[in-house]
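Colleague: Here it is, the structure in full.
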């Protein structure tokens, strides 16, 4: 079973509390999502493998460490996942970015996929799926399904806020996928929103309703 790790760094928790506020502006919301994503990036990349490499400094030759193994890919679930991409790219600017587009059927609460655009070598990459919220788990499961159909095997799911119901469903559907979140909230309400949550992340990021 994949782990679900709550990243409780003080800076992340402070920024998340501001993000949740109803009166946080679109501009501030967008900036906070980017900042929290960057801070989370340090934690979710903690186990990336390193290798020795010989370099020449201005003074002498020396053996130092650099990232080894698989290259990285950031895959946001559209729309809201876009807000987390730049935070990750500020840490790993060479990472490729794919996109998986989905919308939620408001009657069934089930996700509907409308776009999949991925790097050609996605099967050779360590993948971070990013989406601010893990609610029912439907979008996350469908995103992992789409990636695995294309040969991807090393996948992590990164969100800002998760509901226990979504975590459980994703772990049951894909026990090999680790989940990283800044908060594990109480529950889902009857409309499939996380409580206390932060509202509709996509609308708050882009100033839409």
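Glycine is no exception: its Cβ is also placed from the backbone N, Cα and C atoms.
So Swiss-Prot lists these for the protein:
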BINDING   79, 104, 131, 132, 133, 134, 135, 136, 137, 138, 139, 200  5-phospho-alpha-D-ribose 1-diphosphate binding site
BINDING   194, 199, 200, 201  uracil binding site
Colleague: Near residue 135 (5-phospho-alpha-D-ribose 1-diphosphate binding site), how many other Cβ atoms are within 10 Å of its Cβ?
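Modeller: Other Cβ atoms found within 10 Å: 26.
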Colleague: Relative to the Cα of residue 194 (uracil binding site), which of the binding-site residues 79, 131, 137, 139 have a Cα no more than 10 Å away?
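Modeller: Of 79, 131, 137, 139, within range: none.
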Colleague: Among the binding-site residues listed here (199, 200, 201), which has the Cα closest to the Cα of residue 131 (5-phospho-alpha-D-ribose 1-diphosphate binding site)?
Modeller: 201
Colleague: If the uracil site is taken as the center of the Cβ atoms of 194, 199, 200, 201, which further residues of that chain fall within 8 Å of it by their Cβ?
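Modeller: Counting only non-site residues, the set is 132, 133, 161, 193, 197, 198, 202, 203, 204.
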Colleague: Given residue 199 (uracil binding site) and residue 79 (5-phospho-alpha-D-ribose 1-diphosphate binding site), what distance in Å do their CA atoms have, once rounded to a whole number?
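Modeller: Approximately 14 Å lies between the Cα of residue 199 (uracil binding site) and that of residue 79 (5-phospho-alpha-D-ribose 1-diphosphate binding site).
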Colleague: Can you count the other CB atoms that lie within 10 A of the CB of residue 199 (uracil binding site)?
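Modeller: For residue 199 (uracil binding site), the 10 Å Cβ neighbour count is 17.
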Colleague: Take the C-alpha atoms of residue 133 (5-phospho-alpha-D-ribose 1-diphosphate binding site) and residue 200 (uracil binding site) and report the distance between them in angstrom, rounded.
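Modeller: For residue 133 (5-phospho-alpha-D-ribose 1-diphosphate binding site) versus residue 200 (uracil binding site), the Cα atoms are 9 Å apart.
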Colleague: For residue 201 (uracil binding site), list the number of other Cβ atoms lying within 10 Å of its Cβ atom.
Modeller: 25
Colleague: So of 131, 200, which of the binding-site residues has the fewest other Cβ atoms within 10 Å around its own Cβ?
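Modeller: Per-residue Cβ counts within 10 Å for the binding-site residues 131, 200 bottom out at 200.
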Colleague: For residue 133 (5-phospho-alpha-D-ribose 1-diphosphate binding site), just count the other CB atoms lying within 10 A of its CB, please.
Modeller: 26
Colleague: As a test of the contact definition, list every same-chain residue at least 6 positions from residue 137 (5-phospho-alpha-D-ribose 1-diphosphate binding site) whose Cβ is closer than 8 Å to its Cβ.
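Modeller: 165, 166, 167, 168, 169, 170, 173 - these are the non-local Cβ neighbours of residue 137 (5-phospho-alpha-D-ribose 1-diphosphate binding site), listed in sequence order.
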Colleague: Show which residues of the chain containing residue 139 (5-phospho-alpha-D-ribose 1-diphosphate binding site), separated from it by at least 6 in sequence, have their CB under 8 Å from its CB.
Modeller: 77, 102, 104, 111, 131
Colleague: Measure from the Cβ of residue 194 (uracil binding site) and count the other Cβ atoms within 10 Å, all protein chains considered.
Modeller: 26
Colleague: Measuring Cα to Cα, how far is residue 200 (uracil binding site) from residue 135 (5-phospho-alpha-D-ribose 1-diphosphate binding site) in Å?
Modeller: 11
